[in-house]
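> I have a structure here, written as structure tokens, and I will follow up with some questions on it.
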């Protein structure tokens, strides 16, 4: 498990504005806590005059669970930091909905589901990260087969900046222990059997023995279960 000191040494090498992606999952809450432990000044906007700032943001796809929206406010109160919501372009959403037909239209093909994720997430993320030096995520290699080999430090070719994954090597037990130790509030959907949380039409609770991300896009092959935010170059 990476310590606050290791994370601090990484962030010390980054100059300019940074962003932390918050998707209302346990990993993101743990990462935000880690970062604020290392750099408490980020809670008040960053080091004055240094250009080193941290924007905590979330992608509001307009398809989030009501429980997630309520949790958003709880987390802001707990950490005492604002989490800025970014929404997709209204015109693009209208065209998307016309193409998909209904709430479940994205299940018609992998291409349609990817289009939905592109409009509601990927395109929005690109705008958020423009001008940033680095972004911080809560990704873990243990989450799925698509994240095997994840490194703490990577280069995001898609968005042209450094990507920091402090929890890359954390196990499920590591995460649970950290959350418990620091009494960090969790999205209430976890208590309903969800282990990975995204948009309501594309997320369900998982069954006993299922993979952590089995509830995400459950009608697809596990090798395809990414939304496009975290595309990585495959090696080997």
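Glycine residues also receive a Cβ, built from the backbone N, Cα and C atoms like all the rest.
As annotated in TrEMBL:
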- 227: active site, nucleophile (ACT_SITE)
- 116, 117, 199, 202: [4Fe-4S] cluster binding site (BINDING)
- 18-205: domain 'Phosphoadenosine phosphosulphate reductase' (DOMAIN)
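Relative to the rest of the structure, where do these features sit?
According to DSSP, residue 202 ([4Fe-4S] cluster binding site) is assigned to a helical segment.
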> Cβ distance under 8 Å to residue 199 ([4Fe-4S] cluster binding site), same chain, sequence separation 6 or more: which residues?
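The answer is 61, 63, 64, 120.
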> Give the mean pLDDT for the domain 'Phosphoadenosine phosphosulphate reductase' (18-205) on the 0 to 100 scale.
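For the domain 'Phosphoadenosine phosphosulphate reductase' (18-205), the model's average pLDDT rounds to 90.
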> Determine the Cβ neighbour count for residue 202 ([4Fe-4S] cluster binding site): the number of other Cβ atoms within 10 Å of its Cβ.
22
> Please identify, from the binding-site residues 116, 117, the residue with the sparsest Cβ neighbourhood, meaning fewest other Cβ atoms within 10 angstroms.
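Taking 116, 117 as the binding-site residues, the minimal 10 Å Cβ count falls on 117.
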